[in-house]
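Got a structure here, written out as structure tokens. Questions coming.
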Amino acid sequence: MAYRISNIVSNSRIVTGLVANLLSSICIVFINKWIYVHYGFPNMSLTLMHFVVTWLGLYVCHKLDVFAPKRLQPTKIILLALSFCGFVVFTNLSLQNNTIGTYQLAKAMTTPVIIVIQTAYYKKTFSTKIKLTLIPITLGVLLNSYYDVKFNFLGILFATLGVFVTSLYQVWVGAKQHELQVNSMQLLYYQAPMSSAILLPCVPFFEPFTGEGGVFGPWSVPALGMVLLSGLIAFLVNLSIYWIIGNTSQVTYNMFGHFKFCITLLGGYALFQDQLTLNQGVGILCTLAGILSYTYFKLSEQEEGKSKLVQRP
């Protein structure tokens, strides 16, 4: 009886974590898009707000013994902090200047770019099956972008830069976690304030501080409330991702990611009346098929690798 109750409690916690990640991951896209469309809040200032709130949230988690910080040398993570700035700024600029469908599909190009980076600079090898899945992913993104009725060069430029910097960031995060022997929260605890310090002096060169459209401009209470909510949800996204990875399997995390991908696309078309052409629909299905195939083959290869290790005498 006690075991059954413990199992129910454990499962309810996992479900709660998954639901929290689902809601926060989808809400952050819609809320940021809403802020850009309806309030015109400056992009870099919003990003800076996210960094500060994330660090404050991690500080609270540290005080509540959710994780234990590990002292790191700033020189070891300066490039990571710079790429974190670029990753969030360009991703938000892509969201600001593209439809949610194009923004979401462009993010799928992160996988092919990561594979190219790891192959070219880290001499990592990938199977032919994995490489072939990149064809439908890339084809689907190109189809959707080409037939997007709201296509614009600036939006595609930001999306491209966002994909490149995000890919670098993800590769470097994995390398730094291994090199410094830290988990994602320990790394983010030092990275977030450093990224804030890097971004803060850049804001006045790109965005006004005061007046209409400035970070200290005459914003309405609802606008400021949405900005604060956006920061809190951004922190919840980071926290829930860490929790899910630590308490479920990689299969659960990846499959749940695909579900969020579909819900975000559908929500974008419903909330912001983004038009969807037949060719775009084909592109979305093509990309989704590539992502699912990539996940299946990747997880299968990892399971085979584990089996071989277990069978060794």
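Backbone N, Cα and C atoms are what each Cβ position is placed from, and that goes for glycine too.
Reproduced below are the annotations present in TrEMBL:
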| type | residues | note |
| --- | --- | --- |
| DOMAIN | 24-294 | domain 'Sugar phosphate transporter' |
| TRANSMEM | 12-35 | transmembrane segment |
| TRANSMEM | 41-61 | transmembrane segment |
| TRANSMEM | 77-95 | transmembrane segment |
| TRANSMEM | 101-122 | transmembrane segment |
| TRANSMEM | 153-175 | transmembrane segment |
| TRANSMEM | 187-206 | transmembrane segment |
| TRANSMEM | 226-245 | transmembrane segment |
| TRANSMEM | 252-272 | transmembrane segment |
| TRANSMEM | 278-297 | transmembrane segment |
The transmembrane segment (187-206) and the transmembrane segment (41-61): do they have three or more Cβ pairs under 8 Å, with pairs 6 or more apart in sequence?
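Checked: the transmembrane segment (41-61) vs the transmembrane segment (187-206), in contact.
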Which listed stretch (12-35, 101-122, 187-206, 278-297) has the most C-beta pairs under 8 A with the transmembrane segment (153-175)?
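By the under-8 Å Cβ criterion, the transmembrane segment (153-175) pairs most with 101-122.
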Within this structure, do the transmembrane segment (101-122) and the transmembrane segment (278-297) have 3 or more Cβ pairs under 8 angstroms, counting pairs 6 or more apart in sequence?
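Stretch pair touches.
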